[in-house]
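Engineer: Please read through the structure below; I'll follow up with questions.
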Amino acid sequence: MMAIKSHHCCLSFIFLLLPLLLQLHSGNLQLNYYAQSCPNAEEIIKQQVIKLYNKHGNTAVSWVRNLFHDCMVKSCDASLLLETVNGIESEQKSDRSFGMRNFKYVKTIKDALEQECPRTVSCADIVSLSARDGIVLLGGPRIEMKTGRKDSKRSYLPEVENTIPNHNDSMELVLSRFQSIGIDTQGVVALLGAHSVGRVHCVNLVHRLYPTVDPTLEPDYAEYLKGRCPTPDPDPEAVLYSRNDRETPMILDNMYYKNLLKHKGLLVIDQQLTSDPTTSPFVEKMAADNGYFHDQFARAVLLLSENNPLTGDEGEVRKDCRYVNSE
């Protein structure tokens, strides 16, 4: 009887502790943080994201990638956006950031906010909310995000390679990197579904094609990739790339998983999802059910967006997202 009581006591303690642990993970973020200080903040971001998408459709993909690259490194604190200046070396210089673009349009969003509410809305919240709105434009789920993040006063270039997985890392390493910030295996499989949109430069593909073709690639697909990447040493500055998903290249859907089951994974990490026994059941489930994929994607993105945020006096609200405040 005593053992049973002790067991119930432990369970009760765990359930009491869980909300506290979740609160620690997400800091003091809250829904509608700017309701009083800048009531139109989220609508301004949304409208700017839509305008930019209508002019430059690939910006929506950039916002999603920005969230991943910012939040995986230390914190969701817009450290990614800092440029190299005054001894600060930008995280954008890392090899992991190869191919990232459209940073200049973050300033477009920030300028609209500064006009409405000077020095109020953080760049870190712009990173998260632009990703949220970009996901919707790409046909993905609407995600309710908390706000109240502050901006870092430094960049973390040396940390980038230790936190952001590479495209040819082992699945074990990739899973461990995400698990270190509280995202489980199912969530990792869903987040990699972001590869459903956008494109990959041949620099990151040719090792699967030359000197011999990776045997896990479907032969006709390999020939298509060779047509896109005709030499084993592509110029990194040249426009040489392949779409992640040829069927629905700008729609965030489960076609990515259907392609993986046909051995049409673009990157090594993509194809590993089907060969690793811990991830393959989720690939099959997401390939069969787009709604399930969207649910898991939304859950994982929310966890990512709340990773160790700076709140209160821990950071600042930058006037220009590219530089720390001078005063």
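Placement of Cβ uses the backbone N, Cα and C atoms for every residue, glycine included.
Unlike curated entries, TrEMBL annotations are predicted automatically.
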Engineer: Quick test of reading the record: TrEMBL lists a disulfide for C117. Which of C38, C71, C76, C123 is on the other end?
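Structural biologist: As annotated by TrEMBL, the paired cysteine is C38.
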Engineer: Looking at the disulfide bonds in TrEMBL, identify which of C76, C123, C202 pairs up with C321.
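Structural biologist: Between C321 and the options C76, C123, C202, TrEMBL records the bond with C123.
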Engineer: Measure from the Cα of C117 (disulfide bond) to the Cα of every one of the recorded positions E91, C202, D245, C321, then give the nearest.
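Structural biologist: Nearest listed residue in space: C321.
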Engineer: What's the CA-CA gap between D253 (Ca(2+) 2 binding site) and P165 (substrate binding site) in angstrom, rounded?
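Structural biologist: The Cα atom of D253 (Ca(2+) 2 binding site) is 22 Å away from the Cα atom of P165 (substrate binding site).
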Engineer: Please identify, from the disulfide-bonded residues C38, C229, the residue with the sparsest Cβ neighbourhood, meaning fewest other Cβ atoms within 10 angstroms.
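Structural biologist: C38, out of the disulfide-bonded residues C38, C229, has the fewest neighbouring Cβ atoms within 10 Å.
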Engineer: Quick one: Cα separation, P165 (substrate binding site) versus H69 (active site, proton acceptor), in Å?
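Structural biologist: With the alpha carbons as reference points, the distance is 10 Å.
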Engineer: Can you tell me which recorded positions out of H69, D70, E91, D245 are within 10 A of C76 (disulfide bond) by Cα, answering none if there aren't any?
Structural biologist: H69, D70
